[in-house]
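What follows is a single structure, written as structure tokens, with notes after it.
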Amino acid sequence: MWTKVTDVQCGTAGASMSLSSLTVCLHVFVLTCIVSTVPGVHMLTITPDRGSTISIRSTRVNGCKVCIGAGHLQRCDTSLLLKANTPVSVEFECSRPQDEFRVEISRIIECSTKSCSSHIVQTDSGSLPLLNFNRKFTWNVQATSPKAFKIDFTETGLTQINPAERCPDRHSYTLQAFQKTGPVAIGKYCRKGAIRSAQILNLGSFSLEVPAGETLQKGQFDVSVGEEIKSLAKITLTLPQGTSSSELLSPNYPDSFPDDDVMEWSVHVPDKHKTALRFLNLTQPTCLKKETAVEYHSKGSGASVRRLTEPQLEQKSGDFSMTLRNCEMDRRRAGSPGLSLSIQLSTSRTSSSVLCKVDLSKVEVLFLYIVKLRPASACEMKLNSVRKDKITVTSNSDLSFQDCLPEDVQVTALRVIECRHHLKDCPKVRLSLPMLPSCLPAPLSSITWILRPPTHGTVELTAPTGPLKQSLPGQPCNDSIIISVAEEDGAPIGRFCPQGAIQKIQIHTNMSVTVSRMGSNTLRTSYRNVLDACFKADISERYIFTVASKKDKPVLLATPGWPVGMKYPSTVSWIVSVPPKMEAHLMFANLSQPKCGNGHTDIRVQRVGCLEEDYSRREDEEAEHEIVVAGTFYLNMSSCMPERGHFSVITSITLRQSKSLLLIILSVVAALLVIFVIVLVVVCVVIKKKKKRLNHEVSIYNPNGTSFLPGQTNFPKTREDNESHVYASIEDSLVYTHLLRKGMEIGVYGETDAYCSFTGHTESQKPLVSTGSRDDMEVGVYQTYLNSNQQAPPLPKRPPSQPLVDNEIYQTEDINGGEHSPDLGLRLEPEGGN
């Protein structure tokens, strides 16, 4: 009996197992369907170089994930670390992972007291599949105390730049020192310059950042054991001959120099040259102990210590070293200033007169202006042997300069570009910074191009280094250059700088473009090609800007001339591209409306290809706070003749995921879940029916007298609900009577192969079984005992059921000790009941 019951249980477990497996399969099906609805899974195969580690990390907290492995072994996360020199298949769960992930390739260089394990070699063979990502190559260098490690830049040289600036070749280097208090940024650098080497105490890193799509330039910097320095780091410079100007920044600039720390610069000055230093953008802390100071050392003279606010070196000749010392700062109050400064290092020849011949035909400049800024200085300028304070160079000229420092002189340039022919005959022009002779006392501070298109023509400007952004409150320019665009009469249009969203500027009038250096009077000539200019056909508006913004990154656009109002009459249009499945959110901030005397101001939004306008407002109508546009659109504005006030506005445009797309994705997921539930219910019903068919017919004995028929799955029922008290037939050997008061001489059970005790009532009696062969006895079938002398255990003393008393049918007699098996009729009520 129990074996059969176990078989049924095992069958049920098997069915459950089948159901579980099917459920897992359905889950996988649903997930596969959901994943298939997400477009653009991106896969790459990456093989790290031997000894290098590749780190792929998302710039967003809940952004796209990167996965390795397959099937149930697949592992996905927002970051991934690859070390082994074996190919690895990497899968990104988004179509443009380069917009969300940053890649860093790092190596370790260890130095003993005599040598270092390797050099800094710029190679990207292992990261070529990641060419479309922003990449950072890092070399972590460990020195052995008390020596520092040294990186040699003699072959190319480096120039220090502001941390917010970019290098013209798009290769930016960063030097860091690691202290117990944390990392310290020594500086950010570009190729070519006066810096020849750097030494860092203990542990540091040298990194190179390359933007997406840029191939890594090959190169090598030797790493060796340095000196026993007592400062955080030591930078060595070799100044070029002639007039030059270099900029140095304190560590962590523009943030504070580390507390109670020391930084050293060693400067090699050419013969017959003099040097001058000035501290700019100086911020000083509140000191608890010691004082901030700068200390100068040179051969043949003792140390010179000066406060930072005192005049620094003037007309210094020969090599020298400069040490910047910080104090123990009071940083207990939030916002307390720290120590930061910019050092301007100017070099020129000694008092002998410098002759300079300038040929403008070789530098594509029509006019060169040289102005003496400080009348009280000893600087003396001559043009063709005639002394002047203002010089305009128009052709081949002989110039001479004596005792002129870079801060004494300002040099600007002007070039006029015009096309009076047919548009097809107007070539494309590159607006590039000229390479001026090094004999000039100061570098170029600004250059202006005047662009004059043909009649009914338009000037079109594009930036070869990438889109531009407008310099506005909340969207400042952090690059080293500023591009000022104006009409030829001087009316401003806007100020722009690199790294933005404006792809193209079109101006329907004569105009000027001025490029100048931010925060200083010098302009880096390494920014060769600033803009590309060409002349195109007539346009309907006076100004057109083509804009391509990025997701969740607001773009600010201002009306021409902002914060001054637009000229009258003039119109401006922005063509804003919106990718599929995205929508643009427009907000009008700083809106200034005039009282119009003639005409009306107008703000209109219209999608490309649509005849109807999405939005239109005049100056006498209230503007909406926010507009949502799905698809590429025009943003058009026009001015009026104001009686008072002016028309100006800053528009904020932010691209976000389209809500309609989100609803579609959620609807698909919901539909798949409904299908999954329906399939699961059907499977459960099918398995349940199959289980009923597979159930074995098993008799289950209840000592209280209730029989449960095979296949009954809904027991127990109440006595009124079941038919346990109705018998179709009763075996002749089984007699129930209330006359058996003493319970004597009743047959006993036939023996079965196995019996397990029941956990119910312990005094219950086994039912009688019919006569039959002992060997043919079946489990679960009642039989009589072979030997009538066998006696059953005494019946429990309990009153007979009333129905049996009322329906007495048979009576048993004891004749000569014999036992009769009377015929049994239909039993109406079982004894005992439930």
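Don't overthink the numbers, they just go from 1 along the chain as shown.
For all residues, glycine too, the Cβ spot is worked out from N, Cα and C.
Given the structure is predicted, the values throughout are model-derived calculations rather than measurements.
The compositional bias 'Pro residues' feature in TrEMBL is assigned to 793-802. According to TrEMBL, the feature compositional bias 'Basic and acidic residues' maps to 820-834. Here TrEMBL flags 43-111 as domain 'CDCP1 first CUB'. What TrEMBL lists as domain 'CDCP1 second and fifth CUB' is 122-226, 435-526. Annotated domain 'CDCP1 third and sixth CUB' per TrEMBL: 235-334, 540-654, in sequence order. The annotation region 'Disordered' is assigned in TrEMBL to 788-834. As annotated by TrEMBL, transmembrane segment applies to 661-687.
Between the domain 'CDCP1 third and sixth CUB' (235-334) and the stretches 122-226, 435-526, 540-654, the greatest number of Cβ pairs separated by less than 8 Å involves 122-226.
In terms of DSSP secondary structure, the domain 'CDCP1 second and fifth CUB' (435-526) contains 0 helix, 47 strand, 45 coil. The helix, strand and coil residue counts that DSSP assigns across the domain 'CDCP1 second and fifth CUB' (122-226) are 6 helix, 59 strand, 40 coil.
Look at the domain 'CDCP1 third and sixth CUB' (540-654): DSSP puts its residues at 0 helix, 61 strand, 54 coil.
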